[in-house]
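Database features (TrEMBL):
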{"type": "ACT_SITE", "residues": "Asp138", "note": "active site, proton acceptor"}
{"type": "BINDING", "residues": "Pro87, Val88, Gly89, Ser90, Gly91, Leu92, Gly93, Ser94, Ser95, Ala96, Ala97", "note": "ATP binding site"}
{"type": "DOMAIN", "residues": "61-146", "note": "domain 'GHMP kinase N-terminal'"}
{"type": "DOMAIN", "residues": "208-285", "note": "domain 'GHMP kinase C-terminal'"}
Amino acid sequence: MITCSAPGKVYLFGEHAVVYGESAICCAVELRTTVHVNKAEEVIIESVLGSTGLDFEIHPYVSHAIEKMRQFTDIEGVAIKVESELPVGSGLGSSAAVTIATIQALNYLYKCGLSLEDIAKTGHEIEKMVQGNASPTDTYVSTMGGVVMIPQRKKLQHLKCPIIIGNTNKFSSTKELVGSVAKLRSEFPSIIDPILANIGQMSILAEKYVNESDYRTIGRLMNVNHGLLDSIGVGSTELSALVYAARHSGAISAKITGAGGGGCMVALAEDDNAISIAKAIEEAGGEAIITKNTEEGVRLE
Ligand code: MEV
């Protein structure tokens, strides 16, 4: 049996804008999806969603990963078990993590010899097939770990401050939110395009501050990024409540992370106030997770 795991991620900057080729900065977090694979008589996929065969409705990412890997090797039967610390549909990259961990586990089991670049590329093709218009961000950062600038594929300085995630526990459909931004953009291109370009510029400016570990300045820019995300219609009452609760309890920064709508917000904290920020998020109705940046992307367990 082979076991691989891959991390989820938060966006420091650039969600939505990255779909239009703008720059984003993403940070892998120490919340992982673990995939166990073993040769078997038939295809069996087990997860919290149930036990199925090759099933593109219930297990689209794992099923597509098996199909894709059939281009490199002869896979007849395989038993796959998925366990995850990442809530599904919350903007933390759970679909990228399961896709990347599955590809790498099959890569080891069948000795396909795929490189990390090949794995990230195959994972992105699968996300595009399932979601429509997906950027390479989630699959790239889940494969490589660390802090990554996209589309430059540049690794930046590791983030050392505590990261707090606040989950609204409201399902958010990336496809629908990306669609709603596309609609707004097609109606008001002269307004929306500069906002997206501005978000991209923020990532380019922030690169220096990330490399200098200047969390105060990163935080001020993240707060501006939150306002711009709100302006393109991906905020919500629940997300705002968690963002302002985190800021009022001393967070360095707090913003939406991922597609928005529901899903999660992210806050950066000092070493000594992570617990009080997490409490404030819970009191405002969210579920808080204290985590940190991980330098490790997909790995063999
Ligand atoms: C979703 O986690 C982030 C978006 O930018 C979509 C994408 O990058 O594919 C909204």
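Cβ atoms here come from the backbone N, Cα and C positions, even for glycine.
TrEMBL: automatically predicted annotations, no manual curation.
A Cα-Cα distance of 15 Å separates Asp138 (active site, proton acceptor) from Pro87 (ATP binding site).
Residues near Ser95 (ATP binding site) in space but far in sequence (CB under 8 A, at least 6 apart, same chain), listed by position: Tyr61, Val88, Glu127, Val130, Gln131, Asp138.
Across the domain 'GHMP kinase N-terminal' (61-146), DSSP classifies residues as 49 helix, 8 strand, 29 coil. Counting every protein chain shown, the Cβ of Pro87 (ATP binding site) has 19 other Cβ atoms within 10 Å.
Candidate binding-site residues: Pro87, Gly91, Ser95, Ala97. Those with a Cβ under 6 Å from ligand 1, in sequence order, are Gly91.
Counting neighbouring Cβ atoms within 10 Å of each of the binding-site residues (Gly89, Gly91, Gly93), the lowest count belongs to Gly89.
Confidence across the domain 'GHMP kinase N-terminal' (61-146), taken as the mean pLDDT and rounded to a whole number, stands at 93.
Within 8 Å of the Cβ centroid of the ATP site, not counting the listed residues Pro87, Val88, Gly89, Ser90, Gly91, Leu92, Gly93, Ser94, Ser95, Ala96, Ala97, the chain contributes Gly8, Leu86, Gly258.
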